[in-house]
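Engineer: Submitted below is the structure of interest, expressed as structure tokens.
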């Protein structure tokens, strides 16, 4: 943001600061000083801020102020905009018109990709066919195959994050903000008539709002970053089977997690615990007295002291135990988790774990990604930014092995737990930032790019052909001599030992964990697995993986060779956050010749376009080094991507083959986009 907000204790301090700022320039530019819009319920009869010339003024006169005390700018905007408009801006349109609107937006982005890739293409390189032929399909970079609609249109969100603040009238409110803070809008209004929010989430929000009116602790103040109650989140877990066809999502919800975000700074601990006890009692009683009664599985408090409501992954969590759960019962369900189902698989979700907010549409999304990835039993699938493992686990039965990469430690634990719960044995999940571990993982399983290129050239000289399939489909030598390969091929016993070593090394002891799960499943009539024992087993698996990796006596080259023999098809499915893939991840995927197919799932098509520019633009041997340039700050994501292509190592580019929009967010302007890249 190019805007900064500063608060002073006195008008005198503010006047002095204004004079200092006027005398100093930032980067050669004059700093513009403007009044901030004041909080609606604090502005009447309050001392006004200092204007650009340092004079104390009122934001608006009492005569001009609305009767409810709202400021002129905020009240004017709010009078024209409702919560429905802010949260679901397309709700006024028929659903078929929404789909056409989103499809048209995606088509414009595909045209943008063509234009920017053409600009980024080096002058000494021939334009790729997909750019040259784009005119034949209306300038699109590839064929747009339409948009998949959501099976459920209303009340589809399984997670609703409600802001806590004050309404335009100054009432403590649980709902959604009417606009952005940078626009001076801080008002929060109730989630009235928001079709994407479930009725159950709205009921819980109202129960909590009623509690706030009696609480002695203040709601969060976004202007001076003070207060206690910050955010109220409702996560819902749905039952399996019947969820596929039912339109009434309310009847499908079997588990509910409530997360209350607070800021404990300066709050007495005894008082805080007393408020938590009252809140827990209020929520439990409120759920029980509703008709029909609302499910309530767990209540968790998140203590976050930062400015933004987006808390870090390691933010402290305080479980508030629901009274209907008997703690004395051995094997009681873990009270800080709920469960949801995708493709008949059961997923355990911790409070901060990522899970698609539209469960039924996510099933369609993952099925589409798997179909486009052309998976088979010879496939090694890299699930990048895997979260709780939903994509990899739902596709595990279609591939030989899945390697998931995720930076959120609790999400990785969830993924391991989910693999155990569902008896899936061919998945490994690695905790770490993709930009830190992706390169080493590709080298571990596929060998280094340099080794493969050298082997390809050597193979071409011997056979007189340059077919990459000879290397991809055959035994990867990983830099070994012909003699060592001959010895390996002549010894079936060594191969068997290596295969055994690979299954133990690469799956990280999952076989032992799954054996325990199978034993446990035989003891239980149902398919549910004891949550506490799963926790212990998942932890044991992680520790076992680490121990074996550190103390392995098997040669790493032998493991690599055996792995390369085991799989012939190497595919990556990436599902990054809104910011897109890190440039390092793009470079690693682009420069490794054994990744022939890439399926990109994007929740922000703009960043997909930027990443696709780097993946698909031809490179040259005369690459430029990245040089710091202050102008880059003001570049678009596509502009930055064009700059980075200049330093891309010479490598075979991907080609965009097909794209499709998937509507996971009816009534909003957002949609997921799936794109297939091949080479």
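Note that Cβ sites are derived from N, Cα and C of the backbone, with glycine treated the same way.
Automatic, uncurated: that is what TrEMBL annotation is.
Per TrEMBL, the features are:
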| type | residues | note |
| --- | --- | --- |
| REGION | 31-82 | region 'Disordered' |
| COMPBIAS | 50-59 | compositional bias 'Polar residues' |
| COMPBIAS | 60-79 | compositional bias 'Low complexity' |
| BINDING | 356, 406, 575 | S-adenosyl-L-methionine binding site |
| DOMAIN | 377-439 | domain 'Methyltransferase' |
| COMPBIAS | 453-463 | compositional bias 'Polar residues' |
| REGION | 453-497 | region 'Disordered' |
| COMPBIAS | 518-530 | compositional bias 'Polar residues' |
| REGION | 518-554 | region 'Disordered' |
| COMPBIAS | 534-551 | compositional bias 'Basic and acidic residues' |
| ACT_SITE | 603 | active site |
| ACT_SITE | 603 | active site, nucleophile |
| REGION | 621-653 | region 'Disordered' |
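How about a rundown of where these features are and what they're close to?
Structural biologist: Annotation for residue 356 (S-adenosyl-L-methionine binding site): spatial neighbours 362, 365, 390, 664, criterion Cβ-Cβ under 8 Å with sequence separation of six or more.
Model confidence over the domain 'Methyltransferase' (377-439) is summarised by a mean pLDDT of 94.
Taking Cβ-Cβ distances under 8 Å and a sequence separation of 6 or more, the neighbours of residue 603 (active site) in its chain are 577, 578, 664, 670, 672.
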Engineer: Would you count the other CB atoms within 10 A of the CB of residue 406 (S-adenosyl-L-methionine binding site), including those on all shown protein chains?
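Structural biologist: I count 28 other Cβ atoms within 10 Å of it.
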Engineer: Can you check which residues sit near residue 575 (S-adenosyl-L-methionine binding site), meaning Cβ under 8 Å from its Cβ, same chain, 6 or more apart in sequence, and list them in order?
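Structural biologist: Long-range Cβ contacts: 383, 384, 385, 386, 387, 391, 601, 602.
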Engineer: If you take the centroid of the Cβ atoms of 356, 406, 575, the listed S-adenosyl-L-methionine site, which other residues of that chain have their Cβ within 8 Å of it?
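Structural biologist: In sequence order, the nearby non-listed residues are 354, 385, 386, 387, 388, 390, 391, 601.
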